[in-house]
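J.: Handing you this structure, nothing more for now.
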Amino acid sequence: MSEGLYTAVMGVRDFLKEYFNGFWDYETPKMMVIKNRPLGVIYRAVQFLVITYFIWYVFISQKAYQQSETHPESSVYTLIKGKAVHGDDVLDNVEYAHPPEGVDVISTILRREFTYDQRQGTCPEHFSVDNANCTTDSDCLLGLPNFDSHGIRTGRCIQYHKHPFKTCEIKAWCPIEEYAAVREPPLVQAINFTVFIRNSIHFPKFKVLRVNVESPPGMKTKKYLKRCHYHEESAPYCPNFRLGYIANQARENFTELCKTGGVIGVFINWDCNLDLDPSHCKPTYIFRRLDLRKDLADYGYYYRFAKYYDKNGVESRTLIKAYGIRLDIIVHGQAGKFSVIPTIISTVTALTSVGICSIICDWIMLTFIDKNEVYSERKFDEVTKEPTDTIRTEFSFISSYGSNHSDLSDGVPL
């Protein structure tokens with residue numbers, strides 16, 4: 001074996017032997033009193049921050065002493081109520097509410113566009129459709145569909161009604177909507193419509209059921225619901241919301257919504273501290289616009305439906321394009337109640353985290369203050385055999401029955 005290889009093997013052996021022997025050593029903290037004002041200020045400041053964090057944020061704000069439930073069972077029932085005069089007609093909720101009785105989604109019609117007497121036949125395509133304008137039949141390929149086309153092309157190029165230009169002929173429900181639609185004025189009286197939102201929420205872990213409907217003492221619930229409207233302070237348990245109030249809380253202009261429609265989210269939040277009486281568990285409401293805004297080409301909320309009938313033996317229909325407000329009811333809930341286990345875990349975590357103060361101050365002391373390595377000489381000792389007699393040094397006093405405690409107050413250059 002060469003000398004170099006032998007040296008390497010012996011070095012590895014010594015390393016493994018030292019590591020094995022050191023593996024069985026026991027390490028214990030050594031108590032030292034460092035009378036250094038800046039270091040003491042840092043130590044107490046870090047202690048204060050850690051303790052404040054756990055008391056204020058962890059225990060008070062986050063309620064870490066509670067067992068929590070964040071996925072409750074929820075049920076929503078909605079209904080839109082109100083009457084409105086529109087021209088010569090009186091409209092009720094059957095006319096403008098879809099569906100008449102909803103769950104977590106309900107909409108109300110604010111404006112309509114009618115295309116009357118549509119029948120299956122042929123008619124010119126609208127000129128706004130891509131590649132619809134033509135001069136000869138060769139510009140219109142037979143049967144060629146288009147993404148925004150109203151029907152199937154017949155292959156003919158015909159005059160666009162009484163206009164001087166031509167477009168491709170299509171087979172569809174004619175006349176098409178863009179040409180023959182009749183626009184009615186918006187239903188401005190809808191601002192006073194009432195939206196009834198009943199929400200039941202159940203926390204099965206704690207066996208607590210809450211409902212956002214509760215009448216004042218001495219008044220029947222049915223009578224109360226006929227006259228109340230929601231108010232955050234005076235009527236927090238009234239589930240009736242004016243449509244104008246919802247739009248205002250969502251920071252939307254109701255007149256603009258009547259023109260284009262929109263989707264508004266109604267967020268019902270239940271944050272229940274069950275250490276108190278369940279009657280303190282009250283819902284809070286947040287209203288926010290959910291759909292895309294008017295800075296895009298196509299925005300708002302609308303849908304189409306048709307009313308079919310027979311006219312002179314020919315199937316006909318009236319196409320209705322309805323603009324309105326759609327309400328999405330979104331429920332969030334969480335509940336908490338005191339429990340011993342999370343309290344113990346949080347308390348132990350807090351007490352353990354206080355130890356970070358000593359780690360930070362030790363690092364500052366050994367890195368920035370201990371210029372002459374006086375602290376490090378006292379901080380780290382290696383004891384191979386427990387002394388039987390008392391050992392006195394200039395800086396420390398070690399007894400056989402007490403803690404290893406050093407007082408570095410004099411003679412240490414800082």
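Every residue gets a Cβ built from N, Cα and C, even glycine.
Whatever TrEMBL says is automated annotation, not expert-curated.
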J.: Going by the disulfide annotation in TrEMBL, which one of Cys123, Cys168 is bonded to Cys140?
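T.: Disulfide pairing in TrEMBL: Cys140 with Cys168.
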J.: Would you mind checking which of Cys134, Cys174 shares a disulfide with Cys157 in TrEMBL?
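T.: Out of the candidates Cys134, Cys174, the one TrEMBL links to Cys157 is Cys134.
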J.: Quick one: pull the CA-CA distance for Cys238 (disulfide bond) versus Thr194 (ATP binding site), whole Å only.
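T.: The separation of the Cα atoms works out to 12 Å.
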J.: Taking the Cα atoms as reference points, how far is Thr194 (ATP binding site) from Cys140 (disulfide bond) in Å?
T.: 51
J.: Using Cα-Cα distances with a 10 Å cut-off, which of the recorded positions Cys123, Cys228, Cys272, Lys321 are near Cys140 (disulfide bond)?
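T.: The recorded positions close to Cys140 (disulfide bond) (Cα within 10 Å) - there are none.
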J.: Hey, which of the recorded positions Asn192, Thr194 is the loneliest by Cβ count within 10 Å?
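T.: With the recorded positions Asn192, Thr194, fewest surrounding Cβ atoms within 10 Å: Asn192.
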J.: For Cys157 (disulfide bond), which of the listed recorded positions (Cys174, Asn192, Cys228, Cys281) have their CA atom within 10 A of its CA?
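T.: So the list reads none.
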J.: Return the residues near Cys134 (disulfide bond), defined as same-chain residues 6+ apart in sequence whose C-beta is under 8 angstroms from its C-beta, sorted by sequence, else 'none'.
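T.: Result: Cys140, Cys157, Lys166, Thr167, Cys168.
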J.: Between C-alpha atoms, which of these recorded positions comes nearest to Cys228 (disulfide bond): Asn192, Cys272, Lys321?
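T.: Closest by Cα: Asn192.
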